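As given in Swiss-Prot:
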{"type": "BINDING", "residues": "GLY37, PRO38, THR39, GLY40, ALA41, GLY42, LYS43, SER44", "note": "ATP binding site"}
{"type": "REGION", "residues": "62-81", "note": "region 'Disordered'"}
{"type": "COMPBIAS", "residues": "71-81", "note": "compositional bias 'Basic and acidic residues'"}
{"type": "COILED", "residues": "115-156", "note": "coiled coil"}
{"type": "COILED", "residues": "197-407", "note": "coiled coil"}
{"type": "REGION", "residues": "392-419", "note": "region 'Disordered'"}
{"type": "COMPBIAS", "residues": "410-419", "note": "compositional bias 'Basic and acidic residues'"}
{"type": "COILED", "residues": "497-584", "note": "coiled coil"}
{"type": "COILED", "residues": "628-1048", "note": "coiled coil"}
Amino acid sequence: MKILAIRLKNLASLAGEQEIDFTREPLSSAGLFAITGPTGAGKSTVLDALCLALFGSTPRLESTSASSKVPDGRNELSSNDERNLLRRGCASGYAEVDFVGIDGHRYRARWETRRSRDKADGALQKSQQSLQDLETQQMLAANKKSEFREQLEQKLGLNFAQFTRAVLLAQSEFSAFLKASDNDRGALLEKLTDTGLYSQLSKAAYQRASQADEQRKQLEQRLEGSLPLAEQARAGLEAALESHAQARLQEQQALQRLEGQQQWFTEEQRLLQSCEHAQGQLAEARQAWDALATERETLQWLERLAPVRGLIERLKQLEQELRHSEQQQRQRTEQQAAGTERLQGLQARLQEARERQAQADNHLRQAQAPLREAFQLESEARRLERTLAERQELHRQSNQRHAQQSDAARQLDMEQQRHVAEQAQLQAALRDSQALAALGDAWVTHQGQLATFVQRRQRALESQAQLPELEKSLAHAGEPLERLQAQWTALHGSEPDDLAARLVELRRQTDSLERQQALHKEWQQVLDQRAGLARRLGELDQRMVEQEQALLDLKRQGSQCAEEVKAAEQALQVTRELLQRQRLARSASVEQLRAGLVDGEACPVCGSQEHPYHHSEQLLAALGEHDDQEQVRAEQSLERLRQTLVGLREGYSSQRERLNQSRQEQQELTGQLAALDRQLDQWTLPEELRLLQPSAQLEWLAQRLDDLAGQRQQCQRDFDRLIARQRQTQQLQQELRAAETILQQRQQALTEQRQRYEHLQQQVEEDSQQLRPLLSDEHWQRWQADPLRTFQALGESIEQRRQQQARLQQIEQRLQELKQRCDESSWQLKQSDEQRNEARQAEERAQAELAELNGRLGAHLGQHACAQDWQLSLEHAAQAAQSAVETLQAPLDSLREEQLRLAEALEHLQQQRQRQQDEFQRLQADWQAWRERQDNLDDSRLDALLGLSEEQATQWREQLQRLQEEITRQQTLEAERQAQLLQHRRQRPETDREALEDNLRQQRERLAASEQAYLETYSQLQADNQRREQSQALLAELERARAEFRRWGRLNELIGSSSGDKFRRIAQGYNLDLLVQHSNVQLRQLARRYRLQRGGSELGLLVVDTEMGDELRSVYSLSGGETFLISLALALGLASMASSKLRIESLFIDEGFGSLDPESLQLAMDALDNLQAQGRKVAVISHVQEMHERIPVQVRVQREGNGMSSLKVVG
């Protein structure tokens, strides 16, 4: 994996578009480069952009909390939202990275975000990520972030956590890792390798073992309180239950007999009320029939009027049709006269339009020859105008070329003069620095040697200056040790064994209080359950009373509904018989007799001279339909009553089932209450608790639990105080060991510093002997006074002389080019002047020709603007005349057709009116004849009968029919209920009503007592059954719990701990072995002198110094440079672990250089040189000036004011 380019826009302090291209010089050939800049300028933002483009997040954002918010306009963003990196006041931003994937292809990953409407004050939109294959230009992912993450990790070969460990090397974490304790080192290694799973497994094993142990103990306690009855006691309970069941059955049967006798009196009262109700309904029906006498007479007249009602309606319709046809005939006559007048006017206007059309056609034919000549003249004028425009353009271009060439000649002359002056200045400066000519020619060879000499002398001076500080530090190192020893003596004035014994005693007291709390809570739970059961039993008794009353109500309603069903069946039978008689009255033979009746003559059957049904076929049909509907209504009423009876029976069964369920629930609750009482009897409760009422018992237990909780808290506080003292002792021991270690380290550091100074001083003397032949006397004196500044001044002077030589060579070459270009410019200026004169003369000739042709064309066209306008005006006149003729011809033809249609319609209306008049006269004669036969029908009654609607008449007929049927039905019902009452009184019981009520009350009491005895015995048996089932189930469950506890206990012994450190130390030991192996591979390439190995403690580390006889050194004895070197090797080892088999060719180091002394810095630079020698591109982010001077290729982050920065690549 290799990074090729990083691009970004408007991220943090880096404003605008910025780019770092590792494929272009000087970065392409530089294995080591630095990202430099002042603090806060934006160096780390480059790494943020790298992570953003690849993963949409950064390590800095991942370490923040999502709960904290950052304001963004009217909204808020979480602190770990990657969009916080967008620069304030910018509408959009992006981060883009080109890289080489594990398959060798080049890819481009991009992250971008923008604000709504691309405005700086718009709301932030969701960020977007895309991945593109640069080899095939194919977009691999562009919309879904999950798809992008999957594709990127597949192509890159690393996820986010692996990338931050393998590519972004934060070696300062390993500096802390080296000198941490075992626990801290395990936690750091867990964080660095992302293997927190092992701590979680250790905690989970401990928790599961504790849970399994707790469950096992609870089951053992439950089993102790679930012992069943002996076999002899159980047999006695079963015999008692059978006896109570027989007694309860006998009492129930006796109660049913008494309830049957009570039901007779209830039924007698109901039948009396039913008879009175039927007599009242019959009287009301007869009154309603008498009140409708007027309606019955009106219906008889309607039957007599029915045969001529159609004749009357037809006469009225013919009167309206005659009036309407007369009005239509008059309108058609007027329309025909108006149409004739319009027809004559249109014919005159059409003749005039045809004459104007002939004149316009004649004018168009005469103008054809002049039009052709005018078109030819216009075509020639357009050609001359194009020629004139082309010559004007040529004239303008020649003027422009002449002006440009003149300006170019003047600029070349001025440039030539400037270069001649600069040439003279450079030649003078080179003569002044001629003394550096020889050293400058070999500067590349001697620069590294001079830099090494400067560094060694500087390190020697710094080493000499550090010696007094180290001596002083050694003198002060003993003071903390003496102070800590005095604290130890003061702290352990009492016996340590006494502290341990007190801790054990407090733990024992705490355990005892916890057991008492658990026991009291169990008592409280059982008493609370018992109070709840008693409350539920009271509510259940009340509900059972309500259910028994509801059962009696349903039984009474069912009996009443059954009687109504029986009455409805009898009424239906009576209705069917009446309807059968009415149908016989309308049978076929009766219809034949009725058809032979004659108005005014006697009926052969009854002798009446009035025959109301003779002409009332419609009335007979309506009566037949009404009979059918009446039978259907009676059947539907019977069906509804039957359904109601079924519903009442089902409700009775359901209510009885609910009562049985309540009785069963009562038995179960009674059994549970008895079981709780037995459980309380088995416990040894305090005497004062047993003497209290149930409600007071719960209050006593609550107070006792509060007291126990206070005692336990006091024990816990004492225990915590002793634990704190114990921890203080352990802390003091650690501080004593650390003070002793610091004293030893300072002694060793002073010895090593003295040896280092002597070695450096010897190297400085050797460097002086090699350097003297290279410098002149003046430079040698400066060198001895200030080597660093002299070296810098020499480098700047030699670099300046080299640049002056290169610039002088460029100027001489440029002067030759300028001389040649000046000669060419003079010749071109002369040529352009000649071309300009020729273009001006051609333009003047074209203007003269065009003016002469425009004069001829104007005389020919006259008042017309052009030939096209002249032709169009003639054609428009001809077309307008033709359109006028066509416009008049169409309405003339239409008007003629309309006149013909009006004549036909007028003739049809006259014929229709004659037919209507004939029919009206015939019907009028029939109506007069019918009126003469009706003696008692005057005009007022006739108008009233004709004004009566058919709906009203039908309503009266139906009302009369219903009243007649209701009278019949009520008569039948009253007779039936009298018969039912008589039959019921024949079955009167011997006991009177008052004595029967007393017998019922006494029987119910006996039944309740019998049921109570039965339920108590049944509850005892059920409780014993539950105990038997529970004991068997608990034994099986306890065995499973013990097996589960043994399994988790073994696992807890191996890896379990409450803090998770047990398995973490085991797992991180393996990780540490693997990390040491990978780090030693890196050390062999960076510095073969050192090698890491485990030792000193469980997770301890030692350094093997091969140049000191494989001496084992403590990590506390390493110098700053050695610590950096070991930390870098550990970071590279972790990167190798994270990347597995993937080769990482790009590394970024962001920490750890600011605290290094010059010698350590030199050692670090040597390690970095070895690192880049492995073929990797290494980027170092630091603001240390010494590193900037030693790394020539840099990416500089430059501040530009107003919080903005930019990137610049130098080298």
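Positions of Cβ are set from backbone N, Cα and C atoms, glycine also.
On a predicted model such as this, the values are computed, not experimentally measured, just so you know.
Overlay of Swiss-Prot feature records on the structure.
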residue	record	Cβ contacts under 8 Å, 6 or more apart
GLY37	ATP binding site	LYS43, HIS1183, ARG1196, VAL1197, GLN1198, ARG1199, SER1205
PRO38	ATP binding site	HIS1183, VAL1197, ARG1199
THR39	ATP binding site	HIS1183
GLY40	ATP binding site	SER13
ALA41	ATP binding site	SER13, VAL1197, GLN1198, ARG1199, SER1205
GLY42	ATP binding site	ALA12, SER13, LEU14, VAL1197, SER1205
SER44	ATP binding site	ARG60, ASP1150, ILE1181
**Study point:** For the compositional bias 'Basic and acidic residues' (410-419), sequence-distant contacts whose Cβ falls under 8 Å of one of its Cβ atoms, 6 or more beyond its ends
**Key:** 811, 814-815, 818-819, 821-822, 825
Practice item. Determine, for the ATP site, the additional residues of the same chain whose CB lies within 8 Å of the mean position of the CB atoms of GLY37, PRO38, THR39, GLY40, ALA41, GLY42, LYS43, SER44; present them in sequence order. Key: SER13, THR45, HIS1183, VAL1197, SER1205
Practice item. Give the number of CB atoms, excluding that of LYS43 (ATP binding site) itself, located within 10 Å of its CB. Key: 24
Practice item. Quickly jot the same-chain residues contacting the coiled coil (115-156) by Cβ under 8 Å, restricted to those at least six beyond its ends, or write none. Key: 1, 54-56, 72-75, 77, 82-83, 86, 89-92, 98-99, 101-103, 105-109, 163
Review point. Over the coiled coil (497-584), what does the predicted model average in pLDDT?
Key: 72
Point to revise | DSSP three-state assignment (helix, strand or coil) for GLY37 (ATP binding site) | key: coil
Point to revise | Within the compositional bias 'Basic and acidic residues' (71-81), residues counted as helix, strand or coil by DSSP | key: 0 helix, 6 strand, 5 coil
